[in-house]
Amino acid sequence: MSEQKLALNEYLKTDSDYLRGTIKEGLDSAVTGSFSDGDQQLIKFHGFYQQDDRDLRNERKEQKLEPLYSFMLRARVPGGICSPQQWLGVDKIASTLTSSNSIRLTTRQTFQYHGIPKRNLKTIIQDLDREALDSIAACGDVNRNVMCNPNPVESKLHEQAYAVAKQLSDHLLPHTRAYAEIWLDEEKLLSTEDETVEPVYGKTYLPRKFKMAVAVPPDNDVDVYTNDLGFIAVAENGELVGFNLTAGGGMGSTHGEVETFPRLADDFGFIKTEDVMKFAEAVMTVQRDWGNRVNRKRSRLKYTIVDHGYEKFKAEVELRAGVKFEPKRDVVIGDRGDRYGWVEGVDGKWHLTLFIESGRIKDLPGQTLQTGLREIAKIHKGDFRMTSNQNMIIAGVAAEDKATIEGLARKHGLLGQVLTQTRGHSIACVALPTCPLAMAEAERYFPEFIDHIDALQAKHGISEQAIVVRMTGCPNGCARPFAAEIGLVGKAPGRYNLYLGASFEGTRLNKMHRENIQEAEILAELDTLFGRYAVERDAGETFGNFTVRVGVVKAVIDAAKDFHG
């Protein structure tokens, strides 16, 4: 591979002085609202992407103006937990320093801001820092935000799992001081030897993004098998004893390029809790050294495992960790949804899960979600937990405070919505107008689409059945559409590829059923299938399993061979 020309990003990273580039100079320039092409790649490591309003792109071009550039900043919040005080700071930033005046909960248990002008970036990062929050490594070719099941029922086990997720996040952060120097005005230290700057990542970091999740069975809301590296908690007598390790998952693909495909992770075996950091670092460094740095479309860990082989990869990980895998332990992987409403934990505290459609927290007529969460944060004594289904848990509520919290939630439209089983299990990415990769709508259209799905389920008498439905504006897969029982992936404005056949639990991918079709065709197809499902399903059979059993689509067993075939 050394004889081949590397991907451009590899040269950018090498020459960036550990992610500094010319970001500071670009930030100081008032000539444009943009950064240079090279710095646009480097700023991802600092937690944000350059975007523009695509709804206004043609109009501004006609006016001979540059695109209306803005930035999306994503925070690093391992496990999705923040304090009410932190949330008040997060809310204030959204209300005063962004044009969207909203907060977007993501599918990886954090939040992001849209519509940030370049001049406000530094202020926002400094304001986040005052709340002990940051955006380091929220994007870029590094370990991203580490997910962990909120699981507020098993509080003790959750806290143990969360501690591991937090440790993973902290241990695998980049060591460069570029973030602190550029955004927090820290003085630059004298240059040191390369290997001491980034002992794990090295000068070129990873070949591509790297995603981790910690799952606490039976819940699988973190979609553990869709991650590069997963840790499935194993408990004995309610105490965490270790994890089943999974590796090689990832959703992204490219339309029309069969060498790219989504993939679910492989099971590698059981590891003890004290060995988690050894194995995490081992998997990451194998990917660092073996991953494809020539073709970024084939650079995720899933392709490294496919190209080198499972056994070879496993042996190298064991060698670097200095520990061998034990046989995986039996665990039950179940529901990927959230528990809406009040749930009592084993510690006697109560937890209120609020449905936030597509994760968008914004004040609208009759539904003042942002104000509601702000008012709750002012009085709440527990914490806020963001879920990977883009929802919010008001966690750790004392019994005597329940009525007050619930009253505020109802007053501001955070409770009381008509929520079907399917809507509660469905998510969408942002897509248009801000995402530069989007080929079709997702977040703005998704609520209307789910209305149609709800109506079809009611028509056929299957409203009680939860169906996992996900929509993205492109095949990069941010809302994990290839692990949905019904997946819609944007192909062109108003057109989507329809995927069917994933398992309800997230242990099998779906497969394309129809390509490049419009809403009417999608709904007609689902109308027919829902009719069959209502009559022909076995007792307890989920929709995804049904579509495979009756031959609507073939089961994807080996994604490298089956997904496109």
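Every residue, even glycine, has its Cβ placed from backbone N, Cα and C.
These come from Swiss-Prot:
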BINDING   Cys429, Cys435, Cys474, Cys478  [4Fe-4S] cluster binding site
BINDING   Cys478  siroheme binding site
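Sequence features annotated in Swiss-Prot and their locations in the structure.
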residue : record                        : DSSP (3 states)
Cys429  : [4Fe-4S] cluster binding site : coil
Cys435  : [4Fe-4S] cluster binding site : coil
Cys474  : [4Fe-4S] cluster binding site : coil
Cys429, Cys435, Cys474, Cys478 excluded, remaining Cβ within 8 Å of their centroid ([4Fe-4S] cluster): Val430, Ala431, Leu437, Ala438, Ala442, Thr472, Gly473, Asn476, Gly477, Ala479
Listed binding-site residues (Cys429, Cys435, Cys474, Cys478), ranked by Cβ neighbours within 10 Å, top entry: Cys429
